[in-house]
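Quick notes on the structure that follows.
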Amino acid sequence: MSHSGTPAGQPGPQRTTDRAPALSEPARAYAELVAGNRRFVGGAPRHPNQDAGHRAAVADGQHPFAVIVGCSDSRLAAEIIFDRGLGDLFVVRTAGHTAGPEVLGSVEYAVTVLGTPLVVVLGHDSCGAVQAAREVATTGTQPQGHLRAVVDAVLPSLRRAEAEGVQDIDGIVDIHIAQTVETLLGQSPVLADEVAQGRCAVVGVSYRLAAGAVRPVAAVPAGFATLDGEAGPLDPAAPAAA
Ligand SMILES: [Zn+2]
């Protein structure tokens, strides 16, 4: 994916017009997350919107700019890795970022009631839920209790990876992230309509536990996450994330 490599939050490359084109609400939201992740990766977080004054200010209502559908993994705390604070992110987390009815309802609430313009599916390397599903697919031994529901939700991604000849765990993780993006849109006509109307975008990103950086692996509308200039890609190879 080609892009300018311009760090988010800094002026974009010189353009032929006098002013940069206005970014859509989804693109602005994405750019905020890119910028926050780069601060986190670079060891220079600003911890915005975490003070007592802001806490009081948002008590009367919330207008989060992004929904995060993330894995519950303890190392994947959304506000920390995107360097945000109170009222910024509407976070829904399950082991393996599954997309069952309550998750879909939570996403629809944020997008339609709160007007949140961006949905981000957040997966990561070495995901235990994906590894558990692969174990079940390999051995046929089912897990105990409700853990089976988590595994069942991940298994379609395992079958897709197998069909595509992908065997390494991180490649399977990427497929599962893309699968979750498709499931959200496929199971929620409400969300799909918001995207079709241009009011919302859905991006799947993969997080690396050690580096702390995220990179896009799927986006709807297509190409959204590779917008250059101010929005920029979530690209761990970019200079700011090195
Ligand atoms: Zn995980």
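For all residues, glycine too, the Cβ spot is worked out from N, Cα and C.
DSSP assigns D73 (Zn(2+) binding site) to coil in the three-state reduction, placing it in neither a helix nor a strand. Residues annotated as Zn(2+) binding site in TrEMBL: C71, D73, H124, C127.
Look at TrEMBL and you will find 1-20 tagged as region 'Disordered'.
Long-range Cβ contacts of C127 (Zn(2+) binding site) within its own chain (separation 6+, distance under 8 Å): C71, D73, G96, I169, V173, H176. According to DSSP, C127 (Zn(2+) binding site) sits in a coil region rather than a helix or strand. In this structure, the binding-site residues under consideration are C71, D73, H124, and the one with the smallest number of other Cβ atoms within 10 Å of its Cβ is D73.
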